[in-house]
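Undergrad: What follows is a structure written as C-alpha cells; I'll ask about it next.
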Amino acid sequence: MAQFKRTLVTTALPYANGPVHLGHLAGVYLPADIYVRHKRLKGEEVLHIGGSDEHGVPITITAEKEGISPRDVVDRYHRMNLEAFLKCGISFDCYGRTSSELHHETAQEFFLELERKGIFNRRTEKLFYDAEGGRFLSDRYVSGTCPICGSTEASGDQCEQCGTHLSPMELINPKSKISNATPELRDTLHWYFPLGRYQAELERFVNSHEDDWRSNVLNYTRTWLKGGLNDRAITRDLNWGIKVPLGEAEAVGKVLYVWFDAVLGYISFTRQWAEEQGDRDLWRHWWQNPETRLVQFIGKDNVVFHTLMLPAILMAWNEGREDGIYNLADNVPASEFMNFEGRKFSKSRNYAVYLGEFLQKFPADTLRYSIAMNYPENKDTDFSWTDFQNRTNGELADTLGNFIKRSIDFTNSRFGGEVPHSCTVQEWEGLGIDWYATQSQLDQAYEGFHFREAATIAMDIARAANRFLTSAEPWKAIKTDPEAAGRTMALSLNLCHALSIALYPVIPETCDRIHRMLGFKGGVDGLVRKCEPILKTLLEPALPMGHKLSPESEILFRKIEDQEIQPELQKIEQLVREAEAREAGAIEVKIEFKPAIGFDDFQKVDLRVATVRAAEKVKKASKLLKLQVQVGSTQRQVLAGVAEHYSPEEMVGKNVLLVANLAPRTIRGEISEGMLLAVEGEGGRLFMVEPQGEKINGQSVQ
C-alpha cells in the first residue's frame, strides 16, 4: 500500500434543489466527518472539502414553478443545507458552490484543455426547439402523448403513467412546457466526452483497488465497464449553468452538462480554500502531489461518477503532461442506503426527516450516535424513531452520561474536585479492558471506514466503566476506606478522559463538554500534537493526582419521553397510509384509467412468458437494453427501457412477460419485436413482471 503524508477528503455535493435529509447524512456526510475528526486526532494533515451542486434542469424547473430565478433557488438551499451541516457538527474546511466564479473558471479551464488536446467529439443532433420561447428544449421541458399507453401527460424523459422511459422525439403531439407551442426539430451541435477511449486505463485503475475498495463499489463499476463505455454528452442547451467558453457561433446558448461540472467542484472548492489561506497555489499540494491520498465519500447512487467519470476527466487532463498531474481517488467508500421506518427516503413524496427540522427538536450528538450505530456500510439499514429513542435513553443517557456525571459529582463533593490518587499502569490494566487491543481495534475501525464497529467499541468502554464504578461502590467505601474510594474515583475519572477521546469522532460536542468538566480549557482537539495519535493515551492513565476538575457538572443527555416521539410516529403512520393507498391505487388523483375496451379487443393481445437469453447496452442510449428473448422455440430481439434499473447481467435468465403480437418497430436504429411488462415502484424504480413456475416458457397469460 502506498504511503501518504496527508489526506484530502471530499463529500458528494448535495443538489441545491431541496433540503438534505437523514439519508443523505447517514450515507455521506456523517461518515466523512467521523473519519476526518479521527485523522485530526491522530495529528495527521487532513482537509475536508464539500459544497453545493447548483446547476441543472431541476433547478430551472423549480425556479419557473415558483416564479423566481435559479439563483434564488440555489441561494436558499445552499444556505439551508450549510446551516444544517454546521449545526450537526460536520466540520468542513471549505463548503463551496458550483455557481461561484472560481468554479466556473475551473470547469472552463478543464473544458478548454481537453478541447485543445482534441479529446472531445462533436456531434450534430436534432433537438426540439421552441420558436416562441427562443430556446432548445431539454427532455423535461417537452410533454405529449405517450406512444405506449396513450397518456396525454407524458414527459420527454418518462411517462409517469406507464413508467416507460422515452425520448422527446418518441412523444405524440409534443408540446413545449414553456409556451405550449408545438416545438420544431432543429440541428444543434454538442460536445461529447469519449469515455471508451479511457476504458483500458480505467479498468487497470479499478483492478488496482480490488483488495481495498468495497464490493458494492467494485460491482457497480465493473458492470458499467463490462457493458462498454460510450461517449457521453458534456454540453446541453440551457441558460443556467457554466457557459461553453468558445467564441464560435455553435457554442452560444450552451452550458456544460452538470455531471461534468459538478465533479470538478472538489477541485475548485479546494482552490477557494487555498485563496482563503492566502496562498493561491496551496491547492496543488492537495491535488497534484502524489503524497496526498484522495478519499471520496459518496452514496451508492453516485459510484460511477467517482470511479469512472471523474477519473476519466483527470486522465484526459494528465495525458501528455509532465507536471500539474492530478491524483486519482485512492478510496471511494460508498455507503448503501439508510431507509426511514422501513421505506426509502423520498423527497418527492415528502417521506423524509429533514436534517434542519430534526435538529430543531433534538441534539445533534444524539442523531450522530444513532446513525453511526446504524451506518449502512455494506447493506441498507433503517432509521426508526423508536430505535433513536432507545439508543439515546439507554446508551447515551443511562450508560455514558450517567457514568460521567456520577464520577465528577462524587469527586467534587467528596474529594474537593481533584483527582484524589495516582493511577498506576497496573491498576489501569486491571480494569478488565485490554487497552492495547481496544486502542488498535478502534484505530483500525475508524481507518477502515467501519464506523458502527468504532462506535460499538467506544461504547463498550462506557459499559465496562459503569460496571467498575457500580461494583466498587465508592459511596460506601468512603466511610471505611477513603483511600480505596480515592483510587476508584481516580480510575473512574481517567475512564471519563478515555471516553472523551474514544467517542470524539462520533459525538464531538458531547466529548468537548466532558473534556471541560474534567477541567480542561477548550475541546478535545486541543490535545492534538502533530503525528502524535491521541488514541495512544488510552494505553495508560492520563490524569495525574491533584488535577483540578470543573466545579460544575452537566447532564449530558436528557431522556426522550414518549410524548416527544408520539407526534413523529403519528406523522409516519399517516405517510405510510398514504404510500400504501397510493400503491394500492386507492388515491384517485394521479390515476387515469384508460378508456374501456371490449373483451374481444383484450383477446387480441398475446401475452406470453419469455426467457431472457442475452442482454447488452444500446450504444448512445443510456436507458435501453437490447435483449434476446426465447419464446417457446423462437427467439426475438426486444429493446427495453430498463438500463437504469437492471444491468445486462441481472436480466439474463429472467422469465418476463412479453407482448408477443406487438408490431415490430425501430428504436435507435434497432428492431424491437415486442414489449416487456414492468411496474413502477417508489421513486420511479422499475420492476420486471416475473412469472413464477416450472416449464412456463412460451405459455400464454390466461
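The backbone N, Cα and C atoms fix where each Cβ goes, and this holds for glycine too.
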Undergrad: Out of 219-223, 344-348, 509-513, let me know the one Swiss-Prot marks motif ''KMSKS' region'.
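TA: Matching range for motif ''KMSKS' region': 344-348.
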Undergrad: Which range is it, out of 14-24, 476-486, 641-651, that shows up in Swiss-Prot as motif ''HIGH' region'?
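TA: Within the set 14-24, 476-486, 641-651, Swiss-Prot attaches motif ''HIGH' region' to 14-24.
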Undergrad: Quick one: DSSP breakdown of the motif ''HIGH' region' (14-24) into helix, strand and coil?
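TA: Split into helix, strand and coil, the motif ''HIGH' region' (14-24) gives 3 helix, 2 strand, 6 coil.
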Undergrad: On the 0 to 100 pLDDT scale, where does the domain 'tRNA-binding' (601-702) sit on average?
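TA: Across the domain 'tRNA-binding' (601-702), the average pLDDT comes out at 84.
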Undergrad: Could you say which of the binding-site residues CYS146, CYS149, CYS159 has its Cβ with the most other Cβ atoms inside 10 Å?
TA: CYS159
